[in-house]
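The next block holds one structure in the form of structure tokens; read it before the comments.
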Amino acid sequence: MTVPQAILGALSVYLALGVLFAIPFVLVGAGRLDPDARQGTWGFRVLIFPGATLLWPLLAKRWAMGARVPTERTPHKEALRRSERAER
Amino acid sequence: MGHSYQAVQWNPNKKRYDALLLVSVVLYLGVFLGVGFVWFPEATAETLLLRALGTAGFLALHVILCIGPLARLDRRWLPLLYNRRHLGVTMATLGLLHGGLALLQFHGFGDVSAFESLFTSNPRWGSLAQFPFQPLGAAALVILVLMAATSHDFWLANLTAPVWKALHMLVYVAYGLLVMHVALGALQVESSPIPLVLLGVGILTVGGLQVLAARKDRQVDGEIGVSPGSDTGWIDVCAIGEIEDGRARLVLASGERIAIFRDGDRYSALSAVCQHQNGPLGEGRIVDGLAVCPWHGFQYRPKCGRSPEPFQEVVPTFPLKIVEERLWLDPTPLPLGDESGSTSGGGIRA
Ligand code: HEM
Ligand code: FES
């Protein structure tokens, strides 16, 4: 096997696993991460399928951790967290 | 957000933009092919189509990269920004069609698979004039497809900020790869200087607008007047009449911009970073009693920083007081949703 063949083979495996992951993800996993996705339409599920296929390791990790919708971290929210901690 | 996801949240404006976009693409491809057949009768239909799709996608990427800075320089461009997502998906589709056609035409009929051929058929990596420019296009295409695939609101909400930052930086990588794809590919066999000039104009436009927008951001920050040591203790902001009704004055404190909005004689201080995509909330206006982000219209109650039901977004608020007709701001954020920071005109509160 040549190097390009090996790379392309690894990519194919990655994408195949992605497709396998994306099916349960768009049906169930998305709703676990984000309550707004629970009642999502079929069109929505189809639209997020390619993204789930490409980014599956990231999403699998969030799903396994039981992660929820992240909030943006801004300096003000950090400052708030610090001052709330100081009060406790 | 606080509602179920759909494929696309259609509204009349989006439909109008999409119709315009579709007509523009079809017109561009039609004119390109028509002119091509007349001026280059020796070119095959496949070659012309390949070029029409490639240039259309590359042009769309230029428009996309210009919209952001244009909207920061002049608010009249904002409507285009709202629809950038569909332009992005269109661009990725054009790139896919162009790449797919090239793959089929140049690599589809050999002994090895088309993908393998794409990376191995031209091994002259050391040559400038005959550099394998097609893998550069393929690498860019992967990035563009990744961005299009993650453009739904669901991804905005659920990919974390570092992932978003990385994705945003990758657009510029894709742009650089495509510049090389064109410069080392089509331009090497081109005798007319026109394509080279067009490429130069494109690069200068994208680069120039980015520089101008960055300079304007710095200017806005400069006008704010950052007093040293302003992360603790009260800051003298301005006289109460100085803020235009319905608009905000910006103060840089605790590491970010704080927007002090005026609604009639009521003043409220909000963290000026929109929770949606970190948009410039402080450049927004008060509409129907709500502070509206200029980027995509997310709304926040000025008093408490919360979005109206059923939305869940909330930005921190800050204590304000009026002493001798001047507004003072305490840059330590209040607990989320706290309304006590807001103050109204006439009276003096400490
Ligand atoms: C798998 C990916 C790609 C492959 C195999 C590929 C292949 C090619 C080939 C063979 C040419 C030369 C055409 C000629 O000289 O007549 C070309 C030119 C070009 N490509 Fe690509 N490309 C890919 C991706 C892209 C993408 C994603 C874009 C932009 C969105 C793009 C934009 C262009 C442009 C602007 C030209 C110059 C057009 C011209 O020939 O006048 N390419 N590409
Ligand atoms: S950034 Fe999208 S609405 Fe503010």
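Each residue, glycine too, has its Cβ placed from N, Cα and C.
According to TrEMBL:
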TRANSMEM  B:20-40  transmembrane segment
TRANSMEM  B:52-73  transmembrane segment
TRANSMEM  B:85-108  transmembrane segment
TRANSMEM  B:128-149  transmembrane segment
TRANSMEM  B:169-188  transmembrane segment
TRANSMEM  B:194-214  transmembrane segment
DOMAIN    B:235-329  domain 'Rieske'
Checklist outcome for this item: Using DSSP three-state counts, the residues of the domain 'Rieske' (B:235-329) come to 6 helix, 47 strand, 42 coil
Next on the checklist: Would you say the transmembrane segment (B:128-149) and the transmembrane segment (B:20-40) are in contact under the rule of three or more C-beta pairs closer than 8 Å, pairs 6 or more apart in sequence?
Outcome noted: no
Item to check | Long-range Cβ neighbours of the transmembrane segment (B:128-149) (under 8 Å; 6 or more residues past either end) | outcome: 54, 57, 61, 88-89, 91-93, 95-96, 98-99, 102, 106, 118-119, 121-122, 167, 170-171, 173-175, 177-178, 180-182, 184-185, 188
Checklist outcome for this item: Across the domain 'Rieske' (B:235-329) the predicted model averages a pLDDT of 89
